[in-house]
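Student: Got a structure for you, questions after.
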Amino acid sequence: MSNSEFPSLQKLRNQSQILPGQYNKILVANRGEIPIRIFRSAHELGMHTVAVYSYEDRLSMHRFKADEAYQIGKKGQYSPVQAYLAMDEIIDIAKKHGVSMIHPGYGFLSENEEFAAKVENAGLIWVGPSPEVIESLGDKVSARVLAAKCNVPTVPGTPGPIEDVEEAKDFVKKYGYPVIIKAAYGGGGRGMRVVHEGDDIVDAFHRASSEAKSAFGNGTCFLERFLIHPKHIEVQLLADSYGNTVHLFERDCSVQRRHQKVIEMAPSKTLPDDVRNSILADAVKLAKTAHFRSAGTAEFLVDTKGRHYFIEVNPRIQVEHTITEEITGIDIVSAQIQIAAGASLTDMGLLQDKITTRGFAIQCRITTEDPAKNFQPDTGKIEVYRSAGGNGIRLDGGNGFVGSVISPHYDSLLVKCTAHASNFEVTRRKMVRALIEFRIRGVKTNIPFLIAVLTHPVFQQGSCWTTFIDDTPSLFDMISSKNRAQKLLGYIAEMCVNGSSVKGQVGVPRLHEEAKIPAITDPATGASIDVASLPPPARSSGWRDVIVSGGPEEFARRVRRNNGVLIMDTTWRDAHQSLLATRVRTIDLLNIAPSTAYAFTNAFALECWGGATFDVSMRFLHEDPWQRLRKMRAAVPNIPFQMLLRGANGVGYASLPDNAIDHFVKQAKDNGVDIFRVFDALNDLEQLKVGVDAVKKAGGVVEATVCYSGDMLQPGKKYNLDYYMQTVGQIVKMGTHVLGIKDMAGTMKPAAARLLIGSIRKAYPDLPIHLHTHDSAGTGVSTYVAAAEAGVDVVDCAVNSMSGLTSQPSMSAFIAAVDGRFATGIPESAARELDAYWAEMRLLYSCFGADLKGPDPEIYKTEIPGGQLTNLIFQAQQVGLGDQWAATKAAYTEANRLLGDIVKVTPTSKVVGDLAQFMVSNHLSGPDVERLASELDFPDSVLDFFQGLMGTPYGGFPEPLRTNLTCRPGLELKPFDLQQVRNDLHARFGPEIDECDVASYNMYPKVYEDWRSVLEKYGDLSVLPTRFFLAAPKIGEEINVNIEEGKTLIIKLIAVGDLNQETGTRDVYFQMNGEMRKVAVQDKKAGVEKVTKPKADGHNPNEVGSPMSGVIVEVKANVGDDVAKGDPLCVLSAMKMEMVVSAPTAGRVLDIFIKKDENVEGGDLLVKLGHPGTPDA
């Protein structure tokens, strides 16, 4: 069959045409979803369709669904809304292009009798009631007159429209509050305000009138008494030109927000039959009396006693007509068009006794609004759009597609979802299922809220009322969409355009493939253990069972009775802190966790949490340290976890109130920590005791620790054997379960270990001793062997690839050194097998390595802690001192002297390092610092030290520096108000806040806030493979991201677009699970000037941001005004709705960043406040 033999589309329509030939072309004077809905019925009738659109709507879907489409006016001739109100322009388009009918849809000009008259006067067919009927019914005041004529009850209200607010005041005096102000023309919740006693009726009246004029071109309003808890019932009507009228039964539209319907059902589930029949009869009576024609809706309120009151007749198609179509099987739009063409109800077979209902239907209006922010309309580009479907689901959409730009100019409706089934409960479940299927990204939607309503017991009973949403705050406890995929794409796209922003990173990873998980061998049988197919080992297989079953005291006894030297593996914390700037991520620990659980079953513990890893997780890795702890605990249930606790500092760098430490330690214990290595950087026993007591309260194993500094064998050293034995004695009196000795700098020589450990063992034969050192000088294994000979119980080691240099001694080397003398419980083969993985990790994290070549015996002189040495090299490079590393090391020694030869452990080691870099940067010698102390701007850490915020050093603070140094005022450490912190975090970050969040905030408020900002922007980045966290993928490279059990994202980078010279952005294209995704990224290297308004800090109540995109219609405040909380600052108009932006807190207006008629985007800074009485900015 040749192409010429195929019938054309027009020919097919002509063959199926139902209406007479002169009615073959229809224009819809509307936008969004309703024109598309009308086009479909028109096409089924064999008609040709015409769309009109504003310039701003030139890419809207309704334009492309029509056979022809024409722009209303020229660019800039009309505002976005005025274009659809341009009667003459629309009629001219219709006449010019041979249109025979005009359908107004709903909203805009649908209830404007002047437009209807103009259409008919132009010789065109108006699909709707006659202009005279529109005038008598569309005006709600005239409709009340009609109701009185028909003896249909109405709610008490003003006898006619009012233009003077004084008339409103008189009505309130007569009937009392509450009242509702309504636009006389139009609907959809526009121009409505409920006013309760004590509210400002004058402002409400003006706002309603202004909103009505903007939406409908007429600001006339009237007042009614506002009923409490009524149901909103409406009756669908159809009437022809011959006096015939039928009803299509009722709809229950009681679920409303701002008087705009949100969810509708048909028929009403709880309406008594006698009330239903009375309402249906009254609706038909009203239509017949008014000589109604076409489709319309009679609306009623039903109070709690079953009395119904007529509200109005809407002389147009309604948004929710779809549910009536579903239960009756009648195409209402098709009937409208046929009636306009002269058909009778009889012609169409629409006889009242033949019209029945079948089952139930529910419609949800999916809008681009954010329920969590008082339903503020959201704007932007739809990045992802995946709709629902399946049995019993109908979608009526407009601009729901990828790439669609949602503007602030129009209604926020995106798509209508209608469900239909045999009974109400099945229909409800079907709707919930459909809503869950939707995936809409790029703009916020009300889908989580709709689900909350549909699953609420009141809705399930069908007994909602018109203020149900306002009266039920629990509806806002929503299950929100996480938008995880699009957020992750945003991070990868940022990486593709601007590179990594991880602090301290130099270059990219040298590992270009996924690390391999090594095979683990059972040392008893020599058989390979298939870890991947096995569950985690039983808790009873390791030392953790002793803690859980027997408690800390029994654990300490068993450790002391152990015949040998146990090993704690530091690979998961201190080793990577020392070698890789603490940058190892959760995903790489979890990948090797199952193998570690089997290989190191007999390990004393895994050091895996606390210390610097806590804040670095949030600060640089953008991860939740608590989530890391919980996931590691689940993967390794058998080996104890040890964390590092800085005494009264917690995991911070300065002292905190005792209750904050107690709270933090309890969360750590509850989430998986077993052993707490508690230390104070200055061996300040009072500070140490805060941490020890907190661990005891929480039920953890206390490992109170003495910090070792320098060479105790050196004559004249103040930290000598007597000092350490005295300190240990006081620690023992505190009641520690295990004694820790922490040699942070690696300066403990073998002879010192033999002397110190031997002396402690002799004095305290039943005390378990745990030694920690760094291998900076290369003597670590020798020191451990000497300690073992002297009676140590536990030593810290790391797997080979993560050992040596500034890290801990090699596990394999130590096991070999004591082989045949001391059992460690860990087979050397197990350490070697796991090391294959960590060798690859060194390549993966090579961009953080300090590139140290070998041991540094100079450490005995500088005493720089191993963990700090790597970081100090990075810091020197960051501040431009990379080429002065030798000078920095010399300055470190001098800074230590100036500070009084202190114990150098975090955070005191940071004080020494900061002072050293300060001296090198400013070319200061030690004597210079002492002489100029009162004039120098010292680093904060140095001031904190001399203020005593880190405790008191042994021997006191040094003179004359302490006297000459002017410190800031002391800080009084009052207990934190934990409940207030909870409330504040809940208000700022949502209901998912838990006690771990409170603990994080107490430790690092600013770091926590910054992490939350990254989390909000990019989601949980811990699931992203490290290669792509640190470097961009190659074009065409595929990334597998497991976002949760059984859910994997397959991401492929397709292209990075050219620079947009106007915006300075680049589009990055991906395939995500086979779907195309696009992310726009600001190119930070581009030299494009982009004028942007400042954005408000959403977490700062003094910066008032725009809640949505829109236009400023009024500025109510002035610079210098003192405002109370809730006072109006400005009025914003968006999506035909006006919103008063109020002061979130009391204060003085310091600056105003907007003016009348100015366009703003969501988040733009509008007003800046200060404390009341603050001088003007």
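Even glycines carry a Cβ here, placed using N, Cα and C.
Note: TrEMBL annotation is automatic and uncurated.
From a predicted model like this one, the values you see are computed outputs, not experimental measurements.
In case it's useful when we look at the structure, here is the feature table from TrEMBL:
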- Lys140, Glu224, His259: ATP binding site (BINDING)
- Asp574, Lys742, His772, His774: Mn(2+) binding site (BINDING)
- Arg646, Thr906: substrate binding site (BINDING)
- 1088-1100: compositional bias 'Basic and acidic residues' (COMPBIAS)
- 22-474: domain 'Biotin carboxylation' (DOMAIN)
- 144-341: domain 'ATP-grasp' (DOMAIN)
- 565-832: domain 'Pyruvate carboxyltransferase' (DOMAIN)
- 1095-1170: domain 'Lipoyl-binding' (DOMAIN)
- Lys742: N6-carboxylysine (MOD_RES)
- Lys1136: N6-biotinyllysine (MOD_RES)
Student: Given the binding-site residues Glu224, His259, Arg646, find the one whose Cα is closest in space to the Cα of Lys742 (Mn(2+) binding site).
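Tutor: Looking at Cα distances from Lys742 (Mn(2+) binding site), the smallest one goes to Arg646.
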Student: Determine the mean pLDDT over the domain 'Biotin carboxylation' (22-474), rounding to the nearest whole number.
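Tutor: Over the domain 'Biotin carboxylation' (22-474), the predicted model scores a mean pLDDT of 91.
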Student: Between Glu224 (ATP binding site) and His774 (Mn(2+) binding site), what C-alpha distance do you get in Å?
Tutor: 81
Student: Using C-alpha atoms, which one of the binding-site residues Asp574, Arg646, His772, His774 comes nearest to His259 (ATP binding site)?
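Tutor: Checking each of Asp574, Arg646, His772, His774 against His259 (ATP binding site), the shortest Cα distance is to Arg646.
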Student: Could you say which of the binding-site residues Glu224, Asp574 has its Cβ with the most other Cβ atoms inside 10 Å?
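Tutor: Of Glu224, Asp574, the one with the most crowded Cβ is Asp574.
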Student: Would you mind reading off the Cα separation of Arg646 (substrate binding site) from Asp574 (Mn(2+) binding site), to the nearest angstrom?
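Tutor: The separation of the Cα atoms works out to 14 Å.
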Student: For the domain 'Lipoyl-binding' (1095-1170), jot down how many residues DSSP puts in helix, in strand and in coil.
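Tutor: Taking the domain 'Lipoyl-binding' (1095-1170) as a whole: 0 helix, 40 strand, 36 coil.
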Student: Tell me, if you would, which residue among His259, His772, His774 (binding-site residues) has the fewest other CB atoms within 10 Å in the structure shown?
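Tutor: Candidates: the binding-site residues His259, His772, His774. Fewest Cβ atoms within 10 Å: His259.
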